[in-house]
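According to Swiss-Prot, the ATP binding site annotation covers Gly48, Pro49, Pro50, Gly51, Thr52, Gly53, Lys54, Thr55. What Swiss-Prot records for 493-510 is compositional bias 'Basic and acidic residues'. Taken from Swiss-Prot, the feature region 'Disordered' applies to 459-510.
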Amino acid sequence: MVPWVEKYRPRSLKELVNQDEAKKELAAWANEWARGSIPEPRAVLLHGPPGTGKTSAAYALAHDFGWDVIELNASDKRTRNVIEKIVGGASTSRSLLRMTREAGGDYEHVEGHSDRVLVLVDEVDGIDPREDRGGVTALTRAVRQARNPMVLVANDPWVLPKSLRDAVRMIEFRRLRVNDIVEALRRICEREGIEYEEVALRRIAKRARGDLRAAINDLEALARPTGRVTSDDVEALGWRDKEITIFEALGRIFNKPPRQARRALWNLDEDPDDVILWIAQNIPRAYRDPEEIARAYDYLSKADVFSSRAIETGDWRFKYVYATDLMTSGVAAARKGKPPGFVRFQPPKILRKLGTTRKEREVRNSIAKKIAERMHVSTRRAKMDVISVLEIAFRKVADNPTDRGLEILGGIAGYLELSKREIGFLCGDPQVAQRVYQRALRVREKLRKIRRERVKGAMESMLERKREESEVEEEAKEIEEAVEKAEEEEEREEKKKEGGGEQRTLDAFF
C-alpha cells in the first residue's frame with residue numbers, strides 16, 4: 001500500500017503547492033543545463049522548513065526535463081570516497097550510473113530520456129563530519145566541478161560551511177500557508193473518495209504548521225480506516241498537537257545513525273516521558289529482528305530509570321541529558337541492519353485512550369459545575385459524591401423507564417439545566433436520554449415562568465413601595481410648605497403690630 005505522501009508527490013513543478021518564486025528560479029537554472037551550457041553556480045541548494053516541497057521539487061524538475069535522478073540521502077554513506085565516485089568526475093549519465101554501481105550504493109534511479117542526470121543530495125545539513133569523514137569537502141569540490149545538474153536539499157543551510165554555500169545558488173522554500181495545505185488535502189480527499197468536513201481539513205492544516213507532508217500523513221492516519229474525516233476525529237486527538245514533530249523525531253530515531261538520532265529531540269516541544277511512550281509503542285513496528293527489539297527496549301528502560309531519578313534527586317540532567325541520549329542514540333544503536341524506512345507510527349495506547357475519553361471528562365466537568373452552582377458545594381465534591389449517585393439513578397431508570405421515573409429524572413435534569421448530551425452521559429441510553437430531555441425542557445420552562453413571576457412580583461412590590469414612598473414624600477412636602485407659609489404669615493403679623501405701636505414725633509402734626 002503506497003503512502004499518500006508518495007502517491008500524491010507532484011510529478012511536475014506546476015503541481016508543486018505554492019513556492020512560485022522558487023519554482024521560477026529553479027526552472028531558469030535548469031533551462032541553462034537543458035540548452036547545453038553549464039551555468040554558474042552549477043548546483044542549487046533548496047532550503048526551508050520540512051514539508052515545503054524541496055525534495056519533491058527536485059524530482060518534479062527532473063521529470064519535466066526528462067532527466068534521470070541519482071539520490072544520496074541521510075540513510076546512505078556519504079563519505080569522501082562515495083561522493084567522489086558518484087559525482088566527482090561525472091560527465092554523462094551512463095558514467096554516473098556505472099559509478100553508482102561501483103560505489104556499492106543503493107540509490108534511487110528514475111527513468112528518463114535525456115543525457116543529463118540530476119544528482120540529488122538530500123539532507124545535506126545532516127552530514128556528520130565524524131561519521132561521513134571528508135564528505136562535505138568532497139561535496140564542495142564536486143559541486144564546483146559538476147558536469148551535470150546538482151540539487152542539494154537542507155532544512156537549515158546556515159550549519160553548512162561557508163565554502164559550500166558560496167559554491168551553490170541558494171533557493172528558499174517558504175513555509176506553506178494554511179489555505180495552501182487545505183487545498184492540497186481537499187484534492188486528496190476527492191481523489192480518494194474521502195468524506196470530509198472543511199473545518200476538519202483546516203484543523204489538520206493548522207496543526208501541521210506549514211508542513212504539507214505532515215498534514216498528508218495526518219489526513220491518511222485519520223481517513224484511511226473509515227473513509228471519512230470529521231472535526232470530531234481531529235478534536236479527539238487533542239494530545240496530537242505535537243504529533244507531527246513527533247513523527248519526524250521517531251523517523252530520525254529509527255532511521256538515522258546514533259549521532260544524528262541524538263538530535264531528534266532538540267527541536268521537539270514534548271516531555272521526554274511522553275516520548276518514551278511513543279518509542280515503546282513503535283519499536284516492534286520499526287525493528288523486526290528480535291535481538292534489535294530487545295536491545296532497543298533495554299536502552300529505553302534505562303532511559304525511564306534515569307528520568308525517574310531526576311524526580312527523586314531534583315537533578316534534571318538525569319532526564320534531559322542522560323535519559324534523552326539513551327532513548328535516541330541508544331535505540332538507534334540497537335539497530336544493526338538496514339534502516340526500516342517508512343513506518344506508519346502509532347500513538348501510545350494510553351494517550352489514545354485519554355484522547356477517546358477526553359469528551360467524557362469534559363461532560364463530567366460540565367455537569368459538576370452545574371451541580372456545584374445549584375447545590376452550593378465545591379466542584380470536587382460534586383464530582384466525587386453527587387455525580388456517581390446521579391449516574392446510578394439515571395441508569396436504573398434507563399434500564400426500566402417508567403413514566404414516574406422519567407418524570408423524576410426530568411425534574412432533576414430541568415432543575416440542573418442539563419443538556420441532552422449531559423443527560424445521555426448519565427443515562428447511557430440515547431433513546432431514554434431523549435425522553436428525559438423532553439421532560440426536562442418542560443420543567444425548565446415551568447421554572448422560568450416561576451422565576452419570571454417572582455421577578456415580576458418583586459418588581460411590582462418594589463414599585464409599590466416606591467409609589468408609597470413618593471406619596472409620603474409629597475405629603476411631607478405639602479406639610480412643610482404649609483408650615484413655612486404659616487411661619488411667614490406670623491412674621492408679617494408681628495411686624496404690623498410692631499409698626500402700630502410706634503412713638504409719633506412733632507413732625508407728624510405738621
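Keep in mind that glycine also has a Cβ here, set from the backbone N, Cα and C atoms.
Can you walk me through where each of these features ends up in the structure?
Around Lys54 (ATP binding site), the same-chain residues at least 6 positions away in sequence with a Cβ under 8 Å from its Cβ are Leu46, His47, Gly48, Val153, Phe173.
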Looking only at DSSP and grouping its letters into three states, which state does Lys54 (ATP binding site) belong to?
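In three-state terms, Lys54 (ATP binding site) counts as helix.
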What same-chain residues, at least 6 away in sequence, bring their CB to under 8 Å of the CB of Pro50 (ATP binding site)?
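Sequence-distant Cβ neighbours: Asn155, Asp211, Arg213, Ala214, Glu248.
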According to DSSP, which of helix, strand or coil covers Pro49 (ATP binding site)?
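Going by the DSSP assignment, Pro49 (ATP binding site) belongs to neither helix nor strand, so it counts as coil.
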Write out the long-range same-chain contacts of Gly51 (ATP binding site), meaning residues 6 or more apart in sequence whose Cβ is under 8 Å from its Cβ.
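For Gly51 (ATP binding site), the qualifying residues are Leu176, Ala208, Gly210, Asp211, Leu212, Arg213, Ala214, Ala215.
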May I have the list of same-chain residues other than Gly48, Pro49, Pro50, Gly51, Thr52, Gly53, Lys54, Thr55 whose Cβ is within 8 Å of the Cβ centroid of the recorded ATP site, in sequence order?
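So the extra residues in range turn out to be Asn155, Phe173, Asp211, Leu212, Arg213.
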